[in-house]
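Each remark here refers to the structure printed beneath this line.
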Amino acid sequence: MGSPARSGEPFSTTTIRGAHPLRRREYFVDTSARPRSTYQNHVLVSVLLVLAGIAVALGQFKVPSIMPAIMEQFDMDVGSASMLMSVFTLAGIFLSLPTGFLARRFGAKNMMVAAVVVMVVGTAVGTLATSAAILVLSRAVEGVALVFCGVSAPLAIRAYVAPEKVGFASGIWALWFSLGSFVGGVLTPTVFGAIGFQGTWCVMAGIALVAGGLMLLFVRPVGGGRFLESVLRPQDGAPREKMSMKGLFSRNVLLVLGGFLMFNMVLISFLSFSPTFLQGEGMDATLAGFASTLPMLVAVASSPLFGVLADKTGRLKALMVASMLVMGPCAFALLTTAGPALWAAALVMGMVGLGAPTMFLIVYPSVVENKDAMPIAMGFLVLTQSLGQFLGSSLVPAVLGAGGWAAAGAFALVLGLVGTGLLALVRLEAPAKDAVAHGEDAASTAV
């Protein structure tokens with residue numbers, strides 16, 4: 001595989017280079033000569049991508065709010081019913097890296113379209129399910145779509161959006177998962193009560209088709225093709241060059257991935273267990289659910305704001321560390337108190353802590369040295385996210401059983417502080433603002 005983009009030049013996806021245009025197709029390569037007119041409106045691209053992402057995330061989160069009804073309809077016990085959600089984590093663990101290779105081969109937009117198609121297929125299988133086993137199988141198919149989406153959308157943003165607008169677009173995209181979970185929790189019970197299981201699944205498939213269709217029509221491919229990226233194959237007999245994995249495991253990359261792992265463990269700890277704690281303290285179930293998801297609602301404003309701040313100031317490390325710093329203390333409050341401190345912590349987490357996903361999406365590509373292998377690097381990022389959610393949901397119950405809610409809160413606090421420490425050790429190249437706006441590597445001064 002060819003060498004990474006040269007220092008001082010922006011990079012993107014789905015462009016073509018090589019000795020002969022029919023022999024080689026590369027992603028994340030030199031785009032320094034690319035006319036600015038070839039970039040698309042950053043608001044349009046980010047909104048269309050996040051709508052497709054929300055539609056895919058709805059596939060996962062259409063189940064939790066109607067889980068008792070599904071268990072009754074398909075005669076499932078608690079153990080088998082838990083597979084309806086845990087299969088998504090397993091898909092992320094086992095499929096993130098293969099998806100990175102697929103994104104590199106076929107292009108980001110093609111993989112986003114594939115995500116929607118796979119989600120519709122999985123939902124259709126679920127609609128026709130007559131047993132718990134088939135329903136779980138359909139959820140596994142939907143899990144594949146979620147992984148495709150998580151890996152490919154950040155690549156699409158960097159392919160279609162001008163470098164100085166990537167922060168804003170990443171902030172919009174970072175909302176896909178939280179908005180998908182919120183809309184799924186609010187919409188599904190109403191639709192299910194009106195038209196039942198099969199009708200609900202058909203509605204979710206329809207939403208995915210509409211969102212995917214809009215993305216297909218209005219996000220223009222840059223590598224050839226009218227609606228999809230043109231995938232050129234090597235000529236017969238032309239050798240396939242191996243891709244170098246160099247630069248995927250540098251010190252900075254591992255530190256950012258470590259911080260991202262801690263972030264996801266903290267996030268899943270309060271999302272999964274805070275409602276149970278609050279109900280145990282006498283809070284109404286509806287209010288407890290609102291309190292635990294309030295940070296997600298506040299993040300609708302703060303996530304794009306962090307992206308804009310990153311674009312305008314270039315203080316990437318400061319924003320990343322600050323957002324991670326508040327996660328642990330806020331999670332501690334959400335797991336140990338039901339008073340005014342709870343609401344203050346929820347607001348602070350939403351306003352500051354949940355700016356972290358935006359910052360990870362911006363900072364992580366900047367520390368990956370091998371830009372040709374960026375899709376594979378994104379696979380590692382999604383793998384880390386899945387591992388964090390798996391470890392968080394597995395370890396917190398053990399801590400809770402051993403030491404109660406105070407121990408669970410302290411565990412989340414320590415995880416947040418460890419993540420902050422890891423991110424504080426990351427060395428970004430200055431001037432960061434220029435690096436965001438122009439893709440420059442100023443190796444002379446560290447932030």
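For all residues, glycine too, the Cβ spot is worked out from N, Cα and C.
Straight from TrEMBL, the features:
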{"type": "TRANSMEM", "residues": "43-61", "note": "transmembrane segment"}
{"type": "DOMAIN", "residues": "45-433", "note": "domain 'Major facilitator superfamily (MFS) profile'"}
{"type": "TRANSMEM", "residues": "81-101", "note": "transmembrane segment"}
{"type": "TRANSMEM", "residues": "113-137", "note": "transmembrane segment"}
{"type": "TRANSMEM", "residues": "143-161", "note": "transmembrane segment"}
{"type": "TRANSMEM", "residues": "173-192", "note": "transmembrane segment"}
{"type": "TRANSMEM", "residues": "198-219", "note": "transmembrane segment"}
{"type": "TRANSMEM", "residues": "252-273", "note": "transmembrane segment"}
{"type": "TRANSMEM", "residues": "285-309", "note": "transmembrane segment"}
{"type": "TRANSMEM", "residues": "316-335", "note": "transmembrane segment"}
{"type": "TRANSMEM", "residues": "341-364", "note": "transmembrane segment"}
{"type": "TRANSMEM", "residues": "376-399", "note": "transmembrane segment"}
{"type": "TRANSMEM", "residues": "405-426", "note": "transmembrane segment"}
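Long-range contacts of the transmembrane segment (198-219) within the same chain, counting only residues at least 6 positions beyond its ends with a Cβ under 8 Å from a Cβ of the stretch, are 40, 44-45, 48-49, 51-52, 54-56, 58-59, 62, 66, 109, 112-113, 116-117, 119-120, 123-124, 126-127, 156, 160, 188, 191-192, 227-228. At the 8 Å Cβ cutoff, the transmembrane segment (143-161) and the transmembrane segment (376-399) share at least 3 close pairs (sequence separation 6 or more) and count as touching. Residues 52, 55-56, 59, 70, 74-76, 80, 83-84, 87, 106, 143-146, 148-149, 152, 198, 201-202, 204-205, 208-209, 211-212, 215-216, 228 of the same chain lie 6+ residues outside the transmembrane segment (113-137) yet bring a C-beta within less than 8 angstroms of a C-beta in it.
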